[in-house]
Amino acid sequence: MAAAAVGGRGERLSSSSPTAAAPQVDAGKYVRYTPEQVEALERVYTECPKPSSLRRQQLIRECPILSNIEPKQIKVWFQNRRCREKQRKEASRLQTVNRKLNAMNKLLMEENDRLQKQVSRLVYENGYMRTQLHNPSAATTDTSCESVVTSGQHHQQQNPAVLHPQRDANNPAGLLAIAEETLAEFMSKATGTAVEWVQMVGMKPGPDSIGIIAVSHNCSGVAARACGLVSLEPTKVAEILKDRPSWYRDCRCVDIIHVIPTGNGGTIELIYMQTYAPTTLAAPRDFWTLRYTSGLEDGSLVICERSLTQSTGGPSGPNTPNFIRAEVLPSGYLIRPCEGGGSMIYIVDHVDLDAWSVPEVLRPLYESPKILAQKMTIAALRHIRQIAHESSGEIPYGAGRQPAVFRTFSQRLSRGFNDAVSGFPDDGWSLLSSDGSEDITISVNSSPNKLVGSHVSPNPLFSTVGGGILCAKASMLLQNVPPALLVRFLREHRSEWADPGVDAYSAASLRASPYAVPGLRTSGFMGSQVILPLAHTLEHEEFLEVIRLEGHGFSHDEVLLSRDMYLLQLCSGVDENATSASAQLVFAPIDESFADDAPLLPSGFRVIPLDTKMDGPSATRTLDLASALEVGPGGASRASVEASGTCNRSVLTIAFQFSYENHLRESVAAMARSYVRAVMASVQRVAVAIAPSRLGPQIGMKHPPASPEALTLASWIGRSYRAHTGADIRWSDTEDADSPLALLWKHSDAILCCSLKPAPMFTFANNAGLDILETTLVNLQDISLEMILDDEGRKALCSEFPKIMQQGFTYLPGGVCKSSMGRQASYEQAVAWKVLSDDDAPHCLAFMLVNWTFM
């Protein structure tokens, strides 16, 4: 027994039944295994942690070394082994959480120390102000800078404009002096009180939170600060942060002009960066900066950056036409290693975007530190956390692809849309001739392969015939529409604004023989859209998906041409409860193969809230106080409306790209201009419909709508039925004979109305109609006519559709329809008639399903 126990492992039996393997049993309680036996069992455990009874018996036969152990004992060994593995994982998880909590506790203690210093400074300034107020004579005679009442604010806003002698790239000592000054100023912002930071609402620390986010208050330019924990080593974090185009979506390019090593092991880089313009109404920005990377004595890594200007000294950077030079004030990243692995990151972004150079209505985009925080500071932290999460292996692969592939797709969609909005000449874009009065800008690119890139497969259209890319874009202001709500509606209700013919043209551009010009195929209609999710970010603020548009047609030719179409779509900023710099919906047609190197031609929408600047000086706050006293609709003050998260104004940017053949360029341009104008009108109509002021607390309840539009529609339905059939609708209840809407609502037969569009969507239903569709008035607009009809119903409608349009009505045979929940319902007969408005113009199509019942 002693020989069997040497180097072995003891396993407690689940029962005390006697066993024949006496050498492995210790007092009937433990079974001891030799190292060779444990090694054999571990090999099997690696292959199959939970073997079946047959597998365990086979194991005993295959391994003679296990022949003296009963199958029941081996079963107990595997049970205990699984328990040990589970305990090991749980212990590891708890250790990780404990390390995070310890690091977060250290972070909070440092934040507390910094806030205490800030409070002490404010108390001192407050006491000084009181002294000045009680001694006005001293305030008038003392002309020193400390006598200014707003000394604290003055101190914050004043940038020391110390003129240094001109220092160029040939003088490393001069650049090192600038770098050391930048490092000191950055550290005073990251861990000191050089900037008065105000924590953003909703950003609370915790082991799984993104970190502590704060924005500047009363300082020159706009600034944002973040500190958080990530499970990556400092060198990896630094590598990610330096690759700015991978996480900063507004970054067009970063060119490192010159690299100078320093004596302390660091590096100085001279960098030229270009950023995209957020809308078509503003010019893009560029930056000429010095970036300094160095290590600190405590093992931390610092990457700091600032613009090289006349006041700082240093060489002059490149000047690019059509760009406005903006300034980076001392900013950067402080990366500290954590005990047990991981890093603690401090991020400071401080810029002056020259807000006075843009139209006044757009200045909030350049004056809001919250927008800067969302676009840069939080984006950097989220990207690092996303990569750390992917590196842990906890994210399952979707569609057979690694997460990095989906990140690349998202970056390509976003970058392609930004390229379309900005239309840089060095990418091949040029303006098409216009009379100057157009609200829609048309640009063409005759070098599409340069724009698409050499890393993707060439488009067959560009390789077979001469052609290019045409972009139609526009921007407009919206009132009282939350960007998240609008973009979510555009995503979920594509049929409300999209033209199936244009979608078909875009999809055909992926094939060698595209349609000539869309606009002629209007009799067919597009079926429902199916959303196939692909990937999403860690906090679900952005997601990638494939949209399948099911194609159908009425005529024989359209059936041959129609086919399912696919869009790769990127959606972000649609959570109304989260703070976001913008809401965006970008999509590009793809084919069924969905190759990694497929060319993408993105189009889409971007909605940016125009929030008023909340961090201005005291004079601005006085104006804000006055405006807060203004009472808006419903008796609510404007301040209370803004505090509730409602966006009063936003700017919408639309850009649609189309490929074209050279001889059809003018035709495609006319189509694109007309289409974008129609989309803008649809979006404006949707914005009015979904504005919060129009959404009451009763929305979604099944009750007859009492709006004037509903009353008018009810009278049109009854009058049109009488005009076409020569008889009135047989009302099941005459109690409300004076109210056509009430009669229509209470009718026992299902009465449904759908739009006269290529893709008919339901616009109205009575109570019975909502019952048969198993939906509500709000969700009714999600349902298309195509979705509820079976094959026989579609054939009957297609054959009778010309009769409806000519004679005004028709009777359809009984059949079966499908509810939104997938349940089938039968009806004895259906009546379809054309609803005419007061001027006898076709308004919609009405259906009455007689004597319906669920099957």
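Each position is counted from 1, following the chain as shown.
Yeah, the Cβs are placed from backbone N, Cα and C, and that goes for glycine too.
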Swiss-Prot annotation of coiled coil - which of the ranges 84-126, 299-341, 428-470 it falls on: 84-126
Range annotated as region 'Disordered' in Swiss-Prot, from 1-21, 190-210, 589-609: 1-21
Average model confidence [pLDDT] within the coiled coil (84-126): 79
DSSP residue counts for the DNA-binding region (26-89), split into helix, strand and coil: 45 helix, 5 strand, 14 coil
